[in-house]
Amino acid sequence: MEADPKVPFTDEMNIQDEHNWESGSWSSSRRSNDSNVTLLSRRSSVEQHEDERQKDSDTLFEHGDAALDAQGIADPRLKDYPIPLVAQTVHLRNDDSEPILTFRVWLLSTFWVLAGCSISTVYYFKPFSVRLSGYVVQLCTWKMGQLLASALPTRPFTVLGRRWTLNPGRWSAKEHALVVIAYWGSSYTAYGLGPLSAMELFYGKRLSSPWAITFLVTTQLTGYGLVGLYRHILVRPPSMYYPGILPTVSLFNAMHGDPRQTASSLRVFMAIASAAFVYQWLPSFVFPLLSSLPLLCWVGRGSWEAFVLGSGSLGFGLMDFSLDWNYVAFLSPLFTPLWANANRFVGAALAVWITYPVAYFSDALGSLRFPPMSSETFDTSGGLYNVSRIMTPSLELNQTALELYSTPRWSFSYAMHFFWGFASASAIVTYAVLFHGRTILKALANVWSLDGNTADDIDSEKDPYVKLTSHHARVPQAWYALLLAVCLCLGTIQLYAGDMQLPWWGLQLVVAISALFTLPCGMLFATANVQIGMDYVSEVLAGALFPGRPVAVLTATVYGRQVLEQCLNLASDLKLGFYMKIPEWELLVAQVYGTLLGPFVNWAVMRLIIDTQGAAALLGREGGDGKGQGLGLGQGGGGGGGGGGGGGQQQRAAGAHTTEWNALKTKNFFSSSVIWGVMGPARVFGGGDGSPSSSSPYRWLLPSGFAVGAAAVLLLWLIHKARPAWRVQQWPLHPAIIFHGASLFPVFPTTNLTSSMAAAVASMGVMRRWHPRWFARWNYLLGAGLDCGAQLVQMVLGLAFLVFNRHGQQMVRMPHWWGNDAVAVDQCFPPPDLPSVIMSPM
């Protein structure tokens, strides 16, 4: 990471501005520029600024790392900043003459949203996922912006009385950041596309385009309205710093700083990204054995117990290591705080390496009938659950068939996945109430009294970054409230116009509960880079409220999940804009634009695929009956910047199997609607009237999960009250994160765990503590480069599979050899006495 340490933090602030910053008084006339008019009138000031910057650079270029103190902080004004990671990364420079919402921003953001949404939607209906990496977009946009700055005409023109220019000058960091933020708004396929495709392909319910797009837009934008309510808690305080965006800030610094100071940073980043790109071909395609090195399985070869304990793909992954960055990056080890990853690791290790093996070998809940680490849904005989056997031709529940067949069964590990999920949900709310309740209530009580243009927020009065941008016009609370109200009104109208089976009060209730969870989840995400979502709660809640209405369950689940996630996405992007000194109005416009444009592309591409390919091609020979489909809840690769656990596995699977159309995600949504909507939580977790689930083995999961989560936090709080001198709040211990870490498996392969935690200790532990200068200069660039190179390989492989592996052909396929064994790619061969059920698909 490099935050331009050799440049003084006054090189882009004139002396009067620095004096005003010190005194805390800013002229009300200093407003952020919102058009290119200001830019045209400031040509001379920009040129003068460049001259001053050049003189400062000439003076300081010789000093190198001498500008960094022992903690890697360059500016003495930030030496006491409460978050050293931010002080090391985010500079105190701001140039209000830099262009912001320019023609180049609109052009490039439109291009990347169209390209990214089209690619992600096409692969939504493929057996593996591919999306444009955020780092790839950031890198390409940098050069494209520079090209436009040199090619577009600079002649001004007048439109509706306002002077404009296509080219206001050099490509600025603020423009660059806005393009990336707009792309982030739609970088993933809209979550609501799954229910829409499931409704059409399985339930024969096709929505008209206007109402379908309304559904996608409202599910994506409703959460943005909550940001106005929570931004004074989730964005403004310095303690809410969002660790996941610091690598992006570091890369922006390297791209837009003085070339003589950042040239070395860019060279290092490009070298790392290139090396990662070359190396990643080995574990992803040529030598996949590198992805999983199951030492215990190799040592105990021939023993089925050693196979179960040591396999990282089918078993518990004990002593399994990985040299695949897609797996190593699972915990985002180079920028997630070490204490947070330690909590996740403890929870995962206690679950995967202690609880699950003991329960499995003791046959708890009939574990030996099912694979040890599987997220599929089974029947009582151990076969994959066939939902078509319990459905009538009209896709309603056949109670008699259910009693004759089976209620759903899970592996012990997947049953505990729900237990840990319920525990983490209750723990995070309880923690926020007990430890931060007064602060939250005070902030919420004053939220409407805080003017949109003031910086007097909680814990931010003395924040130098706040003071630096306090003159920027901020979005009033009323605008966020208006956005929320419009989305709720349109969403309610769409429910009835589209016959979504969800009553108006159901939408309001789901949004209200999601809003309740958003604040504690957001506080954790902003400080620990750990996001606990509404997946578990929204599905169970919707199934309990609307039994027998699968479409209503799908609709409520989407709103419950997306309101929370989109609120946190915008809060994170607002913090990025805050670090990049982008006014809130401009950032909100860019974010909403990208998010609005995405659903139109998602729906258009989905319509093209369904209309041209047909349901039979998308659903395979099963013809849409959902036979053999498991829940698939919570599965998926990680995002840019360090998720991606399992990405290499997905690509290798794609290389070994057909890449024809296969709506796996849609099938998973259909199966979820059957389990939680048609059958309902009462039958799954017990207590259903007259159903065989009255003796369900999982009847204890929900109540005990919520109770354990709340009890763990309550115990911690009681210790805090009984022994104040112990400073419990400063302990690196968070029950919600521990439970969340345990819930990650078996959804993700256990291969991820050991190597990812080792990388976290090396980066955020050893290097940050013992080599802070190196950490401050290179750590985030290292992480960004590794992510960029590895993700680019996955994108290239995915596109190659799409283009060449069609119509049953396997033109892109690595020949089998010792490092790419046809039976066991990790050389963890199943012994002859291995129970056949263990080899069932995960």
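Note that Cβ sites are derived from N, Cα and C of the backbone, with glycine treated the same way.
Here's what Swiss-Prot has on this protein:
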type     : residues : note
COMPBIAS : 23-36    : compositional bias 'Low complexity'
COMPBIAS : 44-58    : compositional bias 'Basic and acidic residues'
COMPBIAS : 629-649  : compositional bias 'Gly residues'
CARBOHYD : ASN33    : N-linked glycosylation site
CARBOHYD : ASN36    : N-linked glycosylation site
CARBOHYD : ASN386   : N-linked glycosylation site
CARBOHYD : ASN398   : N-linked glycosylation site
CARBOHYD : ASN752   : N-linked glycosylation site
REGION   : 1-58     : region 'Disordered'
REGION   : 629-657  : region 'Disordered'
TRANSMEM : 105-125  : transmembrane segment
TRANSMEM : 177-197  : transmembrane segment
TRANSMEM : 210-230  : transmembrane segment
TRANSMEM : 268-288  : transmembrane segment
TRANSMEM : 315-335  : transmembrane segment
TRANSMEM : 415-435  : transmembrane segment
TRANSMEM : 505-525  : transmembrane segment
TRANSMEM : 585-605  : transmembrane segment
TRANSMEM : 668-688  : transmembrane segment
TRANSMEM : 700-720  : transmembrane segment
TRANSMEM : 731-751  : transmembrane segment
TRANSMEM : 784-804  : transmembrane segment
* Structure fact -> The correct three-state DSSP answer for ASN398 (N-linked glycosylation site) is coil
* Please report how many Å separate the Cα atom of ASN386 (N-linked glycosylation site) from that of ASN752 (N-linked glycosylation site), as a whole number. => 31
* If you count other Cβ atoms within 10 Å of each one's Cβ, which of the glycosylation sites ASN386, ASN398, ASN752 has the most? -> ASN752
* To do: Look at every Cβ pair spanning the transmembrane segment (731-751) and the transmembrane segment (315-335), keep those 6 or more apart in sequence, and say whether at least 3 of them are under 8 Å.
  => yes
* Asked: Does the transmembrane segment (585-605) reach the transmembrane segment (177-197) with at least 3 CB pairs under 8 A, where each pair is 6 or more residues apart?
  -> yes
* When each of 177-197, 505-525, 784-804 is checked against the transmembrane segment (668-688) for Cβ pairs under 8 Å, which one has the most? -> 177-197
* In angstrom units, rounded to an integer, how far apart are the Cα atoms of ASN398 (N-linked glycosylation site) and ASN752 (N-linked glycosylation site)? -> 41
* Asked: When you check the transmembrane segment (210-230) against the transmembrane segment (505-525), do you get at least 3 Cβ pairs under 8 Å, counting only pairs 6 or more apart in sequence?
  -> yes
* Asked: For the transmembrane segment (268-288), what are the same-chain contacts with Cβ under 8 Å, counting residues 6+ beyond its ends?
  -> 135, 139, 251, 254, 322-326, 648, 651-652, 655, 778, 781-782, 784-786, 788-790, 792-794, 797, 814, 819-820, 825-826
* Asked: Hey, does the transmembrane segment (177-197) touch the transmembrane segment (415-435), meaning at least 3 C-beta pairs closer than 8 angstroms, sequence gap 6 or more?
  -> no
* **Assigned conformation of ASN752 (N-linked glycosylation site) - DSSP reduced to three states** => helix
* Structure fact -> Simplified to three states, DSSP reports ASN386 (N-linked glycosylation site) as coil
